[in-house]
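**Q** Sending over a structure as structure tokens; questions will come in a sec.
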Amino acid sequence: MEEAKHIEAVEAKQIEAEEAQRIKAGEAKQIEAGETSRSSRKVITFEPKLVINKGISVLGFVLRLFAVFGTIGSALAMGTTHESVVSLSQLVLLKVKYSDLPTLMFFVVANAIAGGYLVLSLPVSIFHIFSTKAKTSRIILLVIDTVMLALVSSGASAATATVYLAHEGNTTANWPPICQQFDGFCERISGSLIGSFCAVILLMLIVINSAISLSRH
């Protein structure tokens, strides 16, 4: 009888130990499931932010690429503008070129500087696409972008006054319009001015894009 009781006690202890192991195993599985669900939730909330950040960086690169064409194209169009006509009334050869007017020279220099900077900033913009956590380089680009925006805007504004006088003249100052004689010259400078103002708009969008990108870091 004592041996039977001893065997029953041992079996009961074994059953209790097995039940305790089962309980511990169930708790471990629940903990692992909870950790897995939490990690999956973290991934779900992180991926959309990463995609948006990359999209902002790609948009910034595209804007810079178009701004390169706008600034360099305007500088080349203005810098190669010249025209010669023969005045039938005075029988003399009249020549005009952009370097005759200081405001147009400033326009060319401003757009050339901005275009050169934008070309150099393209590799950095590509780097930002693959490294969305970069912050210092974004701050530097934002500061220089703002300076280039001011430079191109001032150049375009100064050239606008000259182009207006070329088309309309100024009767008060007794300045006749020259576009009646130099129509090709006026068409070129007007076209380059339009391209420069498009570059100004693109630079504004670049600054806004850079500011948004920084605010998300």
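Quick reminder: no glycine exception, Cβ is built from N, Cα and C everywhere.
Owing to the predicted nature of the structure, the values given are computational and were not obtained by experimental measurement.
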**Q** Using Swiss-Prot as the source, do THR81 and VAL163 end up on the same side of the membrane?
**A** yes
**Q** Cβ pairs under 8 Å only, please: of the recorded stretches 58-78, 104-124, 139-159, which one is richest in them relative to the transmembrane segment (192-212)?
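**A** Answer is 58-78, with the largest number of Cβ pairs below 8 Å.
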**Q** In this predicted model, what is the average pLDDT of the topological domain 'Cytoplasmic' (125-138)?
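**A** For the topological domain 'Cytoplasmic' (125-138), the model's average pLDDT rounds to 85.
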**Q** Which number gives the other C-beta atoms within 10 angstroms of the C-beta of ASN170 (N-linked glycosylation site), all protein chains shown included?
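**A** Excluding its own Cβ, the number within 10 Å is 11.
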